[in-house]
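A single structure is presented below for examination.
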Amino acid sequence: MFLGGYLGSCAAQLATYAACTACHCASREVLRHSARVAWSVLFFLAMIVAWVLRDFATPILQKIPWIVKDVGHVDIDKWFGQQAVYRVSMGNFLFFACMSLAMIGVKFKGDKRDRYLHHAHPLLKLGLWLLFTALPFLFPNEVLNAYSWMARFGSGVFLVIQMIILLDFVQCWNDSWVANGEENDRWLYGLMGLTCVGYGGTLTLAGLMYYWFKPAGAGSCSLNIALITLTLLLVVGFSVLSLAPLARGGSIFPSSMISLYAAYLCFSALQSEPRDYQCNGLGHRLTAASGGTLALGMVVTLASVVYAAFRAGSNTALFTLEGSEEGEPLAHRQALLSAEEGNTSAGLDGVPDVAEATRDAVTGGPSKSEASAAMIPVTYNYSFFHLIFALASMYIAMLMTGWGSVSQEKDRIDVGWVSVWVKTAAEWVTGLLYMWTLVAPALFPDRDFS
């Protein structure tokens with residue numbers, strides 16, 4: 001009995017050790033080969049650090065003389081919380097901005113900046129990230145005040161980029177399914193079904209907004225009623241325009257998806273109204289956005305940032321930076337990628353396999369993996385990828401401080417009148433941008449908008 005139990009315990013320990021080792025090796029290889037995963041992990045860590053310091057760093061910051069001197073007569077906890085978020089945000093902005101500048105001009109995977117800076121040396125990049133994150137805590141408050149205003153502008157740019165990516169994604173989705181529908185009608189039926197879902201979701205959300213944000217006994221709530229009604233009018237406007245002869249290539253499916261997104265932004269804006277506002281009926285039913293709710297909001301934000309980086313960085317037609325893919329035809333890049341796929345083994349982001357590189361080093365002579373990688377074009381724009389994360393670092397600062405509002409409460413996130421108007425503006429910019437994409441080909445027939 002004793003021997004059997006001892007052997008079983010040893011077997012369990014060996015199995016646990018083997019599983020942990022396998023997971024460790026697998027995660028290490030994933031982070032080594034997929035740079036986008038590694039950078040996303042760093043950004044997630046930045047969000048966690050900013051969140052923790054915002055709520056718990058006051059006793060530490062009170063001991064730093066160049067930070068304490070400008071406290072004044074404001075709420076100490078709120079002020080120090082905002083200072084902590086701004087400094088972490090600024091450190092990450094500088095880190096990713098420097099990476100973006102360093103990656104300008106990387107066109108092929110044989111570039112040393114790709115092999116040794118963008119993909120390899122995770123510990124070195126972690127050390128640099130820690131250094132950049134700590135550096136702003138040495139800056140005077142005047143520098144951070146200037147950065148907080150710059151972050152407002154950078155956050156707006158980040159939101160606009162997300163809107164453009166959304167419009168491009170929906171249009172590409174529509175074009176792809178329409179093209180497939182020429183051979184099989186099921187694709188067209190799918191578009192029709194999703195169009196109904198989009199408009200159905202829009203009307204359902206509008207009904208819920210009228211119910212939640214115009215509660216009984218709360219007065220007229222004219223502001224909320226106006227915002228919801230104007231959203232519906234905007235939806236009707238660009239939906240009708242998409243079917244008009246003026247809109248060349250217009251389609252009702254993209255309109256339904258943009259309608260649903262506009263309704264969501266309106267809902268998000270109204271939900272951000274102060275919890276004690278009498279017309280925020282939903283806010284009265286919700287607890288403060290702390291703990292699990294805040295964590296969920298951070299995960300959603302991270303997912304949107306990662307998607308924006310993937311979409312923008314992988315699109316050679318949008319946001320092409322000088323010195324990256326400019327001037328190189330997409331067909332030529334795709335031909336190079338296809339021709340080289342069979343000649344080299346690569347990791348998740350196209351980095352030559354470590355085992356193959358090791359064999360090349362042992363055998364001596366020219367490295368087959370390095371020779372192949374030298375002419376393989378990169379699959380996404382590294383410089384713009386890091387620029388997205390730099391702008392997202394600014395957006396995180398605004399999200400966690402209520403866009404710099406002194407009335408933002410520590411246990412809440414993205415709540416306040418500033419957030420309401422920022423989201424309302426984002427909704428209307430999205431709608432107007434979509435309407436512009438519909439009429440621009442007719443207004444400027446000599447330009448290529450494909």
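Heads up, the Cβ atoms here are built off N, Cα and C, so glycines get one too.
Residues annotated as transmembrane segment in TrEMBL: 34-53, 88-108, 120-139, 146-167, 187-213, 225-246, 252-270, 291-310, 384-404, 425-444.
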Tell me, please, if the transmembrane segment (88-108) and the transmembrane segment (225-246) are in contact, taking contact as 3+ Cβ pairs under 8 Å between residues separated by 6 or more positions?
no
With Cβ distances under 8 Å as the criterion, find the stretch in 120-139, 146-167, 225-246, 384-404 that has the most pairs with the transmembrane segment (425-444).
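Highest pair count goes to 225-246.
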How about long-range neighbours of the transmembrane segment (252-270): same chain, 6 or more residues beyond its ends, C-beta under 8 Å?
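Same-chain contacts beyond the ends: 166-167, 170-171, 173-174, 177, 191, 194-199, 201-202, 205-206, 208-209, 212-213, 224, 227-228, 231, 234-235, 238-239, 242-243, 280, 282, 419-421, 423-424, 426-427, 430-431, 434.
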Considering only the recorded stretches 120-139, 187-213, 225-246, 384-404, state which has the highest number of Cβ pairs under 8 Å to the transmembrane segment (146-167).
384-404
